[in-house]
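S.K.: Below you will find the structure I want to go over with you.
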Amino acid sequence: MTTHAQVIDKVLTNIEKVMIGKRDIAELSVTALLAGGHVLLEDVPGVGKTMMVKALAKSIGATFKRIQFTPDLLPSDVLGVSIYNPREMEFEFRPGPIVGNIVLADEINRTSPKTQAALLESMEESSVTVDGETIRIPQPFFVMATQNPIEYEGTYPLPEAQLDRFLFKLKMGYPKRLEEVQVLARAEKTVPIDQLETVLTISELTELQHAVKEVNVDDTIKTYIVDCASETRNNPYVYLGVSPRGSLALMKSCQAFALIKGRTYVTPDDVKYLAPYVFGHRIILKSEAKYEGITANEIVERILTRVSVPIERVKMK
Amino acid sequence: MKEGKTDIRFLILMYALAFVLLWEWLLPVIELTDTEYIGVFLWFIGLSFLFRLTGMKWWLSVPLKIIYLFWSLHFVFYHAAFLTKDSVGHLVRDLISNFAIVGAGDWQNITNPMRTVLFFILLWMTIYLIRHWIEVRKSILLFYAMTVIFISVLDTFSSYVAEAAIFRIMVTGLLLVGLLTISRLSEKHSERLNTGMFATFSVPLLFAVIVSSTFASFMPEKGPVWADPIPFLKSAVLGEGSGTGGVVSKSGYDFDDSRLGGAFSKDNTLIFTATVPRKQYWKIETKNTYTSKGWEQRIDENPPVTYVPGAILEEVDYSDTANNLHAEINMRERLPYLVYPYGTSTIHARTDVLLKKQEETGQLWAMKDGESFDLDSFSVDFTEQSYSLKELREVTMEDYHSDPDVPELSEYLQLPEQLPDRVRELAMDITSKEESIYEKAKSIERYFSRSGFSYDQQNVAIPRGNEDYVDQFLFDTKRGYCDNFSTSMVVMLRSVDIPARWAKGFAPGEGKANSNGKVEYKITNNEAHSWVEVYIPGFGWMPFEPTIGFSNPVGIQYDLEMDISDPETPNMEERERPEPKKDETPVAKVKDGGGFGPFLKSVGDFLQKHAWIGILGIALLLFAVWLVYRNRGKWVPKLLIKSHRKRKPDWIRFTKQYKSLLKQLERFGILRTDSMTLSEYAKSVDTYFGGRQMGKLTEVYEQGLYGGYTNRQDWASLQEIWEDLIIRATG
């Protein structure tokens, strides 16, 4: 079992060579990758979002695509178009940038809702439908979308209901002082990303994704997850709580996270650690909360301090 | 403690209030035990608090307190403000001799100075506790509650009237508790209150206390639900309506004394009341023949003499009119013979009865129409006897032969043939130094209180086989009640040829002024008593009291010029101040007192008669159980370790161990909230103890609980870790 963890550790170490001091984000990204989910990174430009995704892609030897979203981008620019091939006398599908293993969707909130919807739908379905033809996107398929929280001018914020297409919503944050110095030092003569080697094959990754499903989630843990989710529905500040899909997402990510930690079972610590990333963007707050400056993540943290952790086996009623 | 330093003004206030509360403890103790000098104790408390407030170092305050203690002893017992060489020497000798007594656990014989020292020590400890409550715990509710309970119990069950005291206690106690709570709260939020803020908190409290207590003091008082709780409790326990007359399954006064010894149970049944100006011994009869197991009346008796009520039974000296007294006696229980005080000249009763008197035994009874009759009430004229010590000391053994008035006394010199010689030798030894009969008798009377004898109602032997009752008591057991002391004295007197007999009756009992201003004594079965009468030529039969804790009923005029070495005076004074209340005598004897059954029975009887003691006992027991439960953190782990070692090492055992460890850690003070995961908790535990033991155990537990991996081989090493950790968590 530990071999899985060792394999993943190689990937993480690899990413760390490029992304100094961001092991937690790398870990979470890999968690999402293993759980088959997608990640929304929300942060200012220049903190290494792209680098992160590139490093991940390079480490696993996957194809990497990047879509820079602009207001004039059309769905076909994302999904691909059918072009008439005069030689073959038929329309031929040219897949768009979405068809790749690892896709960076940069500044997703800058494009029109139409294009956003096309992206989100293909993320959900893992397929592209153009002109009535459906094309499966090759696995593994992992989208990392970024959005810039600073500029609101000319943006189209993602509809909150669509946010739960993303497994996690993460914040990158600035590196610490010494870490930033190190970043500079490494980039002084070389481009670190070019030196990265592939440490994981696609088939190995698929194997890992299967292994995630084997990670044991005890009934007590399931109950704990459900308790946490239902608390979000009863919270006075919350307009709309976490849906069962949210609970499911939390369970799956916990499984993946446990695998990364070299465990074959999920512990309450996994749940507590991941809940803010999974639940944070799935909660719609009431306006009171916004006035009081309470964020969704704070609500989740508060809920976690209230729900009791299962520490012994209780018979399910 | 540094940051928790409390304002000195606040402390002064706290100690002042605590002082008042302690005062309330002292008041009833002083009143109920007839101890004077409350001031001495109050000064001690005050000084202790003052030393504390001035922050005096212990090496200075402790010697100062000891000096004060010593001075107080000196002041109380020698009535002198300044130390003199003699008195100090005397005091020191007294205290030193008492250490041995205390060491031997012979509580009856501790002298008053030593008692005072012990009381001071008790006070000292209490003061220390109060200091702890005020300054460290900042919570004095326990002491306050104890004060209230103590005072209300005293108010209920003793003669102490605590109406005003309760009020004072409520006010001071509430203030103390409230102010300390404020101080505790401010400490909790680590904010020092300035005077203004303190006032904001305390003024409403002060207001509430004052208003509520003023209101309470003006409110009409509701009458008690129980007229008197003791009969109420009794009847509740016995299931009968009446309190006193409930169960008298055995006679209190035992007329069969042929086998003495054994434990006896208390019996509060009221036998009679006597309205009489002063305490009296109530005589019923005397016995003349000692059988080495008990007493019988053997010699053929002359027919009883008949009197009409009001006739003079005996010529007594009326010259001292101050001593001519009158007693009204109301019988509550039947006795076959009348009770009467020493010096009785006339008995007044209903005129349709005749009084019969058996001269040899002193038994008196009433007859009506040829049958014995129980008088409900009668009265007695009597003269309290007073003897001149000077004249008593002039009577010697010679006078038995030379005085022509001495009657035939041979029956009062009877002794069983098998009486061991050592009894006689001891008696000779005790009396040989004295010339007069009186002094010889006195020296035997004194012997008991000075030779390590103790008063005991429970652990009293019954002579078996060839054993002699007196010999057993004098040389083996040295503990017993009045029968042992009185019989032994009679036997010793007879063995040195002084005629003596064994007297029975009742001790004076408890007196209480009734509505007419007269003192009414209640005599219960507990007052049943026996003592000694000695014939002294020229004086007749004189009572003596050898039993420890009782005082001689006879008035002695100290018409001698006494030198200080005379042991009589201090002895008498010491006896005047016996234990506040001692239970008197053998009543219902539990025959065959050896086994466990009778013991249980006597305990049962005792509890039946004293329901409130039972209730108190249960309360104490519950308290003890609660204490044991509260301190379970100290002993539970040890039990757990033992029990777990015996179990099969597997997952189930480990689960139990882990859960008990969680509980123990929580008792130890490392708290776990419900939302804390086990590994988070383990981290804080490991941070506390150092190492990674809890983390290891938790990992195993989580593997089993969440992962289902319950098959392991390393249970033994886990057991070691667990034992180590739980022992550490015992603290």
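Each residue's number is its place along the chain shown, starting with 1.
Just so it is clear, glycine is given a Cβ too, placed from its N, Cα and C backbone atoms.
So TrEMBL has the following annotated:
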type	residues	note
TRANSMEM	B:12-30	transmembrane segment
TRANSMEM	B:36-54	transmembrane segment
TRANSMEM	B:66-84	transmembrane segment
TRANSMEM	B:116-134	transmembrane segment
TRANSMEM	B:141-160	transmembrane segment
TRANSMEM	B:166-185	transmembrane segment
TRANSMEM	B:197-219	transmembrane segment
DOMAIN	B:474-548	domain 'Transglutaminase-like'
REGION	B:567-588	region 'Disordered'
COMPBIAS	B:572-588	compositional bias 'Basic and acidic residues'
TRANSMEM	B:611-629	transmembrane segment
S.K.: Tell me the residue counts in helix, strand and coil for the domain 'Transglutaminase-like' (B:474-548), as DSSP assigns them.
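M.R.: Helix, strand and coil residues of the domain 'Transglutaminase-like' (B:474-548) number 21 helix, 33 strand, 21 coil.
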S.K.: Are there at least 3 C-beta pairs under 8 angstroms linking the transmembrane segment (B:66-84) and the transmembrane segment (B:12-30), leaving out pairs fewer than 6 apart in sequence?
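M.R.: No; fewer than 3 Cβ pairs under 8 Å.
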S.K.: If you count every Cβ pair below 8 Å, which range out of B:66-84, B:166-185, B:197-219 shares the most with the transmembrane segment (B:36-54)?
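M.R.: Stretch with the highest Cβ contact count: B:66-84.
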S.K.: Tell me, what is the mean pLDDT of the domain 'Transglutaminase-like' (B:474-548)?
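M.R.: In the predicted model, the domain 'Transglutaminase-like' (B:474-548) has a mean pLDDT of 85.
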S.K.: Take the transmembrane segment (B:197-219) and find every residue of the same chain, 6 or more past its ends, with a Cβ under 8 Å from one of its Cβ atoms.
M.R.: 7, 10, 167, 170-171, 174-175, 178-179, 182
